[in-house]
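Asks: First the structure, which I've put down as structure tokens, then a few questions once you've had a look.
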Amino acid sequence: MNKISTKKAICILSGGMDSTLSSYIAKKDGFEIIAVHFNYGQRTQNRELKAFRDICNELDIKSKYEIDIPFFTQIGANALTDMSIDVPTGGLEAGVPITYVPFRNGIFLAITAAIAEKEGATAMYIGVVQEDSSGYPDCTEEFIQDMKKAINQGTKEDTKIEIITPLVHLSKAQIVQEAIKLNVPLELTWSCYKEEEEACGVCDSCRLRLNGFEQAGKKDPIKYKEFQ
């Protein structure tokens, strides 16, 4: 009897709402999921790692990578890995915010591509959001397509990897609605840039998340120190 081969996808899973939904969509799409998480010296590294592990358990993911890339703290120039720079709490501003980690998603995708090539995966899922987001330049559809081209040019000839961005043109409200529809355990996810016990409620990430729940007419299941 021939063994049925399963198609594999590498899911970049931070433990946040977007990457978690993206991973659930990969499961719905019929992929065997290999999860990748990056510890890059961010303020909420320990809390995000806990969220990642909890979500992997919920998805029954057998194969996962926890990759340490501490050099982001040496580069600095952002409020997530440079503790001398305060995380903004006054609301979303125009332009690229100080919470943007220089070329983070490009580096994440490059490392994930190496894992995909090793594992024989045909797809990589990343939960970037272009429309209703902080405006990071490495979250656009154009950037992802350029990275896909570079990855497929820079890997073995028989390696063909699709980068799937199921949320890129969704609003936060649509993300909340889709997550609820797919029974995503949103109570296990973590989005806050500042805190690890209770979400601050005032950083850009908390504001975007709370706005999404409000616009979707739903209550966020996690606790907040304060509301915007």
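Cβ from N, Cα, C; glycine included.
Got these off Swiss-Prot a minute ago, pasting:
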type    : residues                                              : note
BINDING : L13, S14, G15, G16, M17, D18, S19, T20, L21, S22, S23 : ATP binding site
BINDING : C192, C200, C203, C206                                : Zn(2+) binding site
Asks: State the count of C-beta atoms found within 10 angstroms of the C-beta of S23 (ATP binding site), not counting that atom itself.
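Replies: The Cβ of S23 (ATP binding site) has 27 Cβ neighbours within 10 Å.
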Asks: In whole Å, note down how far the CA of S19 (ATP binding site) lies from the CA of C192 (Zn(2+) binding site).
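Replies: Taking the Cα atoms only, C192 (Zn(2+) binding site) lies 14 Å from S19 (ATP binding site).
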Asks: Taking Cα atoms as reference points, rank the binding-site residues C200, C203, C206 by distance from S19 (ATP binding site) and give the first.
Replies: C206
Asks: What is the separation, in Å, between the Cα atoms of C206 (Zn(2+) binding site) and S23 (ATP binding site)?
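Replies: So the Cα of S23 (ATP binding site) lies 21 Å away from that of C206 (Zn(2+) binding site).
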Asks: Look up L13 (ATP binding site) in the DSSP assignment and report helix, strand or coil.
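Replies: Where L13 (ATP binding site) sits, the three-state DSSP reduction gives coil.
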Asks: Look at the binding-site residues L13, C192, C200, C203 and tell me which residue has the greatest number of other C-beta atoms within 10 angstroms of its C-beta.
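Replies: Ranked by Cβ atoms within 10 Å, first place goes to L13.
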Asks: By CA-CA distance, flag whichever of L13, M17, S23 among the binding-site residues is nearest to C203 (Zn(2+) binding site).
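Replies: In terms of Cα distance, C203 (Zn(2+) binding site) lies closest to M17.
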Asks: Taking the centroid of the Cβ atoms of C192, C200, C203, C206 as the Zn(2+) site, which other residues of that chain lie with their Cβ within 8 Å of it, listed in sequence order?
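Replies: Near the Zn(2+) site, the remaining chain residues are V87, T89, S191, Y193, K194, E195, A199, G201, V202, D204, S205, R207, Y224.
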Asks: Would you mind pulling the DSSP three-state label for C206 (Zn(2+) binding site)?
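Replies: SS state of C206 (Zn(2+) binding site) = helix.
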